[in-house]
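Database features, via Swiss-Prot:
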{"type": "BINDING", "residues": "16, 177, 178, 179, 257, 263, 264, 280, 284", "note": "ATP binding site"}
{"type": "BINDING", "residues": "18", "note": "Mg(2+) binding site"}
{"type": "BINDING", "residues": "44", "note": "K(+) binding site"}
{"type": "BINDING", "residues": "57, 100, 257, 288", "note": "L-methionine binding site"}
{"type": "REGION", "residues": "100-110", "note": "region 'Flexible loop'"}
């Protein structure tokens, strides 16, 4: 008898306390990049009942109205009344931002931004070291069209749809806080076979019954998403649905649980399908390799899979603070390489095609733009948005050519 292999992943809505904090931190980052693309930003946000605290280190030529950014973000998410636990107009906002340490800055910015046009690109790439040490991972798999693991892809789509039907009124009685989780059964060849369980926990008004909520979510959220994403490729005609398993979920957001930037790093990435170096993304400008190198590693992995060189890939890259060149690059293909191609050849092709120095990553992926607010909910990867440049498969042909020279 074949062993049943079940793999799960979760996502959260934009109204989850930790995700509120991520979105605030990235909204502040975007505002600073909009005024000064070379801003160095490391902003954290914490949340508790009726209160936000924004703190961290910033070096920027611009000025950001932090109070307004916090309130605008909270309002956009949907927290507009103390009745649901948080009011954007009356919540408290404390701000404690200081300048970036000059010792950190000296290893990152050896060329002043005003002089960048006076030096060659190669000089600039060599001059900008990594903003910190660390290990970053990127992953791609051909089990979905967007080359993401199916459990996290479905969980994100369900979370997004849950927020969508709340905002457009398609499902009444919903409030902003919510979580989703999907369990997929895989076959002996590690291909998705069927949906086993869909779990949704969502904040709601007190007058709705759990039975009515369950039926509405199944009709307007679960079934449309499964049909659209899966079609006939993965069975989804007999799965378990769990909605608010503990009962009512009336009080949510920071009124129920404290929130903090960077506490949903597995939700933000691959749902547990790949390793994680531990560094969060939100609130960090692209000089921080926690963010930019993780984006680049996804870009590398996705291009490898899109080129047909492997079915599943994890890319690891590591840096030393103040040093431009990665201290290591490793490509793991889990034995899924294309016929006639070795893992070592793929790794060598990656070194030939991709420049993973921090300044080169920033240039290649155009990361100095104010694009980060929309990354802060529903996943940083697997999104079909032109601003998510790390999702572009623009290196496929170069990889194929590089492999051809190595195989021959």
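A Cβ is built for glycine as well, from the same backbone N, Cα and C atoms used for every other residue.
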Measure from the Cα of residue 44 (K(+) binding site) to the Cα of every one of the binding-site residues 178, 257, 284, then give the nearest.
284
Cα within 10 Å of residue 264 (ATP binding site) - qualifying binding-site residues among 18, 57, 100, 288:
18
Closest of 18, 57, 100, 288 to residue 178 (ATP binding site), Cα positions, binding-site residues only:
18
Of the binding-site residues listed as 16, 18, 284, the one whose CA lies nearest the CA of residue 100 (L-methionine binding site):
284
Of 18, 57, 288, which is closest to residue 257 (ATP binding site) if I measure between C-alpha atoms? They're all binding-site residues.
18
Can you work out the mean pLDDT of the predicted model over the region 'Flexible loop' (100-110)?
66
Please give me the CB contact count at 10 A for residue 18 (Mg(2+) binding site), counting all chains in the structure.
23
With every protein chain in view, how many other Cβ atoms are within 10 Å of the Cβ of residue 57 (L-methionine binding site)?
16
Compute the C-alpha separation of residue 57 (L-methionine binding site) from residue 16 (ATP binding site), stating it in Å without decimals.
25
Pop the Cα-Cα gap between the residue listed as 'Mg(2+) binding site' and residue 288 (L-methionine binding site) into the table, whole Å please.
21
The one of 44, 257 whose CB sees the fewest other CB atoms within 10 Å, among these binding-site residues:
257
Are there residues of the same chain, six or more positions away from residue 16 (ATP binding site), whose CB falls under 8 angstroms from its CB, and which are they?
177, 178, 179, 253, 259, 264
Give the helix, strand or coil assignment DSSP yields for the residue listed as 'Mg(2+) binding site'.
helix
Inter-residue C-alpha distance, residue 18 (Mg(2+) binding site) and residue 284 (ATP binding site) (nearest angstrom):
16
